[in-house]
Amino acid sequence: MKKDKGEISSMDGSESNKEGPDADLKNGKPKEKTLSVGFFELFRFSTWREILMMVVGSVCSLVHGAATPLMLLVYGVMTNTFVDYELEVQELADPNKTCQNNTISWLNGSAVERTDNTTMFCGVDIEGEMTRFALYYIGIGFGVLVLSYFQIALWVSAAARQIQRIRKTYFRKIMRMEIGWFDCNSVGELNTRISDDINKINNAIADQVSIFIERISTFIFGFMVGFIGGWKLTLVVISVSPLIGLAAGLMAMAVARLTGRELKAYAKAGAVADEVLSSIRTVAAFGGEHKETERYDRNLVEAQVWGVKKGAIIGVFQGYLWCIIFMCYALAFWYGSKLVVETKELTAGGLVQVFFGVLLGAMNLGQASPCLEAFASGRAAAKSIFDTIDRPEIDCFSEEGHALDKVKGDIEFHSVNFSYPSRPEVKILDDLKVVVKAGETTAFVGPSGSGKSTTVQLIQRFYDPKEGMVTLDGHDIRSLNIQWLRSLIGIVEQEPVLFATTIAENIRYARAGVTMEEIIDAAKQANAYSFIMSLPQKFDTLVGEGGGQMSGGQKQRIAIARALVRNPRILLLDMATSALDNESEAVVQAALDKARQGRTTISIAHRLSTIRNADVIVGFEHGRAVERGTHSQLLDRKGVYFTLVTLQNQGMDTDADKPEKTSEMVVTEDGLERAGSFSRGSYKNSLRRSLRQRTYSQLSNNLPDAISGKLEVSSELFEMEEIETNKKKSKGKDVEPAPVARILKYNRPEWPYMLLGSVGAALNGCVNPVYALLFSQILGTFSIQDAVEQRKQINGICIFFLMVGIISFFSQFLQGYSFAKSGELLTRRLRKFGFQAMLKQEIGWFDNPMNSPGALTTRLATDASMVQGATGSQIGMIVNSLTNIGSAFIIAYYFSWKLSLVVTCFLPLIGLSGVFQAKMLTGFATEDKKALEAAGQVSSEALSNIRTIAGLAKEKHFVAQYEEQLQAPYKGAKKKAHIYGICFAFSQCVIFMAFAASFRYGGYLVNNEGLQYMMVFRVISALVTSATALGRASSFTPDYAKAKIAAAQLFKLLDRVPKISNTDGQTWEDFKGRVEFRGCRFTYPTRPDVQVLSGLEVCVDPGQTLAFVGSSGCGKSTSVQLLERFYDPDEGQVLIDGRPSDTVSVPFLRSQIGIVSQEPVLFDCSIAENIQYGDNSRSVSMEEIIEAAKKAYLHDFVMTLPEKYETQVGAQGSQLSRGQKQRIAIARAIVRKPKILLLDEATSALDTESEKTVQAALDEARQGRTCIVIAHRLTTIQNADIIAVMSQGVVIEKGTHEELMAKKAAYYKLVTTGAPIS
């Protein structure tokens, strides 16, 4: 028992450490973590009925706790009966003696007198007595059955009711919070709170309380039984128990400390992994994979050492615990038998009763401690939830505020100042004054971030302004009723949110009691009617989660219909058409123009074409309205509006939301591209885009599980939708658990340790049965008449106890140490392999959010260490259990096979009850989680789209839906309370029934077959202890299933074949460095909808310098990544020396390329090591380093540093300035002696002075090499051999600086205007 406790505490130690830092991060303020609610405050939502249930439940637990100590009293009397009977049998063995009138007499009738002149009692009716005891046992058993059922059922159902109430209150409260509160609390966190935190509260107020009460009561009654039976012995046993407590305490401390050390040591390796994975491109470019694996492995050694130390220390302490326990037994039996035999203060039964009473009490006290943990975490969890429930807010359910009888629709902003609560330091609106007249269309324009959308949110009263006010028809909107105000407003957003229901339902959301005619009418007004009627299910078509089954244009039109069905006085259009392609845009625009008539309309747009015909245009800049007027008036003012218009007309549409120009580019007179034709064409395309857009908007909510696997073309996107919705719930559930054989294969080199550990485990398994043997032997000694012989036997047995203690000390140590050693070695090996496998993957793999550096490092940290649970400790557990059972059976069947058969019938039940009790320790939290998934879906849909719901004033609807979804789990929980109660009751009373049957039959055997009574005790205690131990052990196996799944995830990684890993490709001697791109088309795997390169054609000869110029996002850097083979083009080829790049060996190709990027990545080591990193295939000598440093104009600066080349650069090179970092990167590229040099905006981030130095260094480095330069500043590339101007992923013109200037086209325009290109 004690052992298991140790294991638990050790696990908790490590867990809590792992959780520490993250837990603080979640709360933002580390201080708050410690705050918690008072324990009784957890019950603040209980009604008198529940309080009554809990009180009755507590009384039941109290009485139930007294049952086991009560059983000990019976047990004690029973032992005495057996001893008396045995003595009588021995006396009557003499043929001269007989039993008359319950005293032993000689045949002549005179009583036999002992040495001390007492007569001896006889006539024990052993079977009658045993029947009486059996009835006692059955009585206690039934009592326990009833009590424990009520104790659990009452507490659990009372908790279920309270939790139901808390859930409803909490969700209701969240749904009426003002929007600003949501800015400060992420949706993910709220969802976790709704599920996990409330579950934690549940754990703290349900069964755990009753079990805690029961255990404490057993503790108290156990000690009472001890003191009643014999106070001297009780005190002796108690005096030793601090040693046990001390051991447990020390062990917990040592384990926590060592786990800390181990985690710290692993944190170093983790930091290496994180650093390497974050800068994977640099590592790949410089071929540092092998070097990094070694560096990682070196750091793992230390973690492994601490892990082994931890295992050893746990082994020592567990050994010490068992040793002390057996020494206690020895002491107690030695002293107890002295009291029985010499001073006669105790009977044999009294000894048993005292000893077990104290032992039981102590054990239950120990088992009560896990409950305290549940209480603590429940109190901490309740803090945030109760705080939210008690918080004041803009309440959207309130009936307060008045409604105006007649609404004209004049909106005015009076000197409004505003900043978002989540970013109070950024001022969004700065003294804004705007008037919007009733019935007019007012357009807000301005650069992004100038506060346009914010005004819309203030009108809907999602936020209240910090200063100033917003008025409707002259009334401050704060004085109006929120629900009424929002019912006047129809809003159409850029990314309209549809709910996962039918089209008709979505439109109906806008207003209660909408008829079908009105819906159809609104759909017609929104130009949506015809497309809806063409769908097979018409208005009953499901739109999919987030509207995923609809195209962008269709979603927009449904949203417009939804806005129109309200018949709003005020229509807000927030970039309503920006996400559409041209065709849909025209249709939607027409619908909006229809909708605007006769309403106050505020339109926000980026595409100015859509707002030309507005009545008033207001120009925004930096949170102020800087100008207002009609289109023509503002053009004359030459202000904000004018710049926006000219920029857009230039065709240099800076916005990301412009449609893709897939058509062929036409270079016109003024050299800026105009697309030959804009048609995006097919509905399928727009559908695909909207699908994707939706996917992205979702990605931001649940990064890890959203992208499952590949994203390629639209057909797959449809599958992806389905996968996504399933995957949201079960991250990583789809991994088949790994076969144990394969895990063991990785652990093969450690077989000697595993063998030793198994020997230790086998010895530990024999401890329980041996204990049963010795215990019954002690009871046997009390019936020996010869005092000397009796003393000798007792001493012998006590010495035996000591020996068992010492042996178990060593065997526990052996098991702990050996399995820790093999487990740690396995963990280290798996981490190394896993890390190696990660570094082998192609770069595209790292773009997937599931493989972000953070996710990968945690995977290395946790998965690998979890796998241990499936090998060493698991084998130990199995060996231990087998020997335990085996030896118990051998002992039992050897001494009395008949009785053993009877006891064996009960074994499965006892074993089950052991499993069950262990399950009770862990609680039933996991099953509850599943039941709540449906409710979880409602809550997460509601919270993700809170703005739309608030705008539609539909909060009540979602609250109702949520509460409806809670009904089923709640009913389930109440039903489970009873099932749980029955199971618990059964598991509690089984042992009493087993005792009743076996002791009654034992009495029969003693009477009729002359079985020695100590054999009865021996058989029963051997089998019962081993059964309960087994049941407990089976559930304490460190998460075996988890280990297998973790292993499976690791193996999946190890088995993944990277898409680009052509190590056995071509290599050749005279590498020249001619590079040619032929018709390359490319999209990034994570953004398949953005065509980055659309037919790149450019060629550069050995020794030439090619410069790419163009606005950001035109594919310049992408071309470099294709050359490095971080990615392969979707179509076309990259030729190197005339050979297609995908046939060339990757390491060989990369070894010929040196790269200097805009933000060079340096590693956390010395300057010299960073430069050496340039060539990882050999060790670079100091001379070479210095030579490279001189070429990079770095040497002089390094010599001024105190430690010269040994100076540490800090994490990511943070100790150095940008120019210094850049020059180290250049030196690193030079050391490589590359044939091709890639400079990706190598000087863009520098100030002028450093730029000159770095530029000189670069010019030096370019000598005699093929060089590809990407530049933002045109001055840096005027002396390039070829300048290629790129736009939209193709080269629109190329030539030397002079040629291009003469052409007077795009390049000329860029140079003369000095326009920034990015």
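Heads up, the Cβ atoms here are built off N, Cα and C, so glycines get one too.
As given in TrEMBL:
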| type | residues | note |
| --- | --- | --- |
| COMPBIAS | 15-29 | compositional bias 'Basic and acidic residues' |
| DOMAIN | 55-377 | domain 'ABC transmembrane type-1' |
| DOMAIN | 411-647 | domain 'ABC transporter' |
| DOMAIN | 755-1042 | domain 'ABC transmembrane type-1' |
| DOMAIN | 1075-1313 | domain 'ABC transporter' |
| REGION | 1-29 | region 'Disordered' |
| TRANSMEM | 51-78 | transmembrane segment |
| TRANSMEM | 134-158 | transmembrane segment |
| TRANSMEM | 209-229 | transmembrane segment |
| TRANSMEM | 235-256 | transmembrane segment |
| TRANSMEM | 312-334 | transmembrane segment |
| TRANSMEM | 751-774 | transmembrane segment |
| TRANSMEM | 794-814 | transmembrane segment |
| TRANSMEM | 901-921 | transmembrane segment |
| TRANSMEM | 979-999 | transmembrane segment |
| TRANSMEM | 1011-1030 | transmembrane segment |
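Here the domain 'ABC transporter' (411-647) returns a mean pLDDT of 76 for the predicted model.
Under the criterion of 3 or more C-beta pairs below 8 Å, with sequence separation of 6 or more, the transmembrane segment (979-999) and the transmembrane segment (1011-1030) qualify as touching. Tallying C-beta pairs under 8 angstroms between the domain 'ABC transmembrane type-1' (755-1042) and each of 55-377, 411-647, 1075-1313 places 55-377 first. Between the transmembrane segment (209-229) and the transmembrane segment (312-334) there are fewer than 3 Cβ pairs closer than 8 Å, counting only pairs 6 or more residues apart in sequence, which means the two stretches are not in contact. Here the transmembrane segment (134-158) has Cβ contacts under 8 Å with residues 46, 50, 53-54, 56-58, 60-61, 63-64, 67, 70-71, 74, 205-207, 209-210, 214, 973-974, 976-978, 980-982, 984-986, 988-989, 992-993, 995-997, 999-1000 of the same chain, all six or more residues outside its ends.
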